[in-house]
Amino acid sequence: MAQFFKAKPNSSKQLSAKLSLSVNQLDHLGAGIAQHQGKVVFIPGALPDETVTVQFTEQKKNYARAKLIKVDTPSSERVEPECPHYHTCGGCDLQHMSLSGQREHKEAALLDIMAKFAGAEGGTLSPELTGEGWHYRRRARLATLFDKNTKHLSLGFRAASSSNVVPISQCQVLAKPLSDLIVPFAKLLNQLTAKASLGHLELIAADNGHFAVLRITKALNDKDLAKLSAFAEQHQIHICLQDNEGQFQGVGAELVLPVYQLLDDKAESDAVSLSFTPGNFVQVNGQINKAMVAQAMDWLAPALDERILDLFCGMGNFSLPLAKMGADVIGVEGVAEMVTQARVNAKANNLDKLTFFHGDLSADLSLEPWMGKIDKLLLDPARAGAFESLQWLKKMKPRKVVYVSCNPASLARDSAVLLERGYRLQQLGLIDMFPQTHHIEAMALFELTK
């Protein structure tokens, strides 16, 4: 039987060679894109209009990946990263690009994919929702790593595409008061007798104070609890422990829940307060979240007694403001704990024109008690999108649909469904929720035309 020789695509010679490439654009993950011998080459850290020296790390039939060795001709958008941990930490991936350049890239990428699938054009674009480029995160989870040999506990973030923990002393995108707590917390945790059994540390900045949630795998002794309590008092922070069952316990005091406000830029009577447990999802950029909610209210323009459905409602981030403005709101969420918290928030704000349901929004919705004719629809799904939920549009027939997206790909796919059902894209806007990263969020307004 004849045998044919086939060269191995990833030979050491092919991968070790260095070459110069010209970068022409960024991909959706923020990596530079170049062309070489008919292949697309992805180069993390490279920017458009740059000439770079690279070394291949992976070769496939139609594409390759390369490591940036040197920037030979820099882009005018290239800047020096502000964070000393940038090149090892996996949190940010665009600090080497100017903030204006990041936003220009994100808006162009959003418009490009939405033009292909939803007929978006330049005139459809609304002004970007932008805020502070640094210290904007009000929440972050730090990983811990205990070294059995040195008996030292490291506190930091995971490296890119790795489970390795990169110890950090600061975070340039985390709220400054929280960033300033990283080193003191690392010292404190290393003083605990139970440091080998500690899990992650979550830091939260809320309108009613600063919070820390420490994951533990076994109960702490009195000495460790006393150290945590003293630290909490010294740094004016609420500390709570989360055990293996997901239960939370306050340290040195009763458990206090973090709270944030919405619509508080108007009259005090218009504001709504949302409390959440450390396990609940909240938008990490408080400044942009307020702007996002305000824009959704403006686009939906809720009127008195209108029936508005809020799918993937979480703990009421959009539902409560809609009800505050007079609409009859139905919120549906797939996570039971979030539904419970949404009901708590509605009661705390004395909002009775608001009903929450727990349900699987990817399942058959035809028999759900809330299914039926509505005036308007708001969607805020996870990255997977809302494709299954949109199959029931004929039964709901909303005049307006506001879609809040954290994934342009699923937004584009779902937009095609809306267009098929007789809706037209009226407005599209970038939401820069995560500056210094490649992540793109957006809001789209669709109106029924037939």
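Each residue, glycine too, has its Cβ placed from N, Cα and C.
It should be emphasised that the depicted structure is a prediction, and the values quoted were computed from it without experimental measurement.
Per Swiss-Prot, [4Fe-4S] cluster is bound by Cys89, Cys92, Cys171; the candidate from Cys83, Cys240 named for the same site is Cys83. Just one of Asp264, Asp265, Asp380 is listed by Swiss-Prot for the same S-adenosyl-L-methionine site as Gln283, Phe312, Asn317, Glu333, Asp360, and that one is Asp380. Nearest Cα neighbour of Asp380 (S-adenosyl-L-methionine binding site) among the listed recorded positions (Cys83, Cys89, Cys92, Cys406): Cys406.
Broken down with DSSP, the domain 'TRAM' (12-70) shows 5 helix, 36 strand, 18 coil. For the binding-site residues Glu333, Asp360, Asp380, counting C-beta atoms within 10 A of each C-beta gives the highest total at Glu333.
The Cβ of Cys92 ([4Fe-4S] cluster binding site) has 23 neighbouring Cβ atoms from other residues within 10 Å, across all protein chains displayed.
A count of other CB atoms within 10 A of each Cβ picks out Cys171 as the most crowded of the recorded positions Cys83, Cys89, Cys171, Cys406. Cα to Cα, Cys92 ([4Fe-4S] cluster binding site) and Cys406 (active site, nucleophile) are separated by 17 Å.
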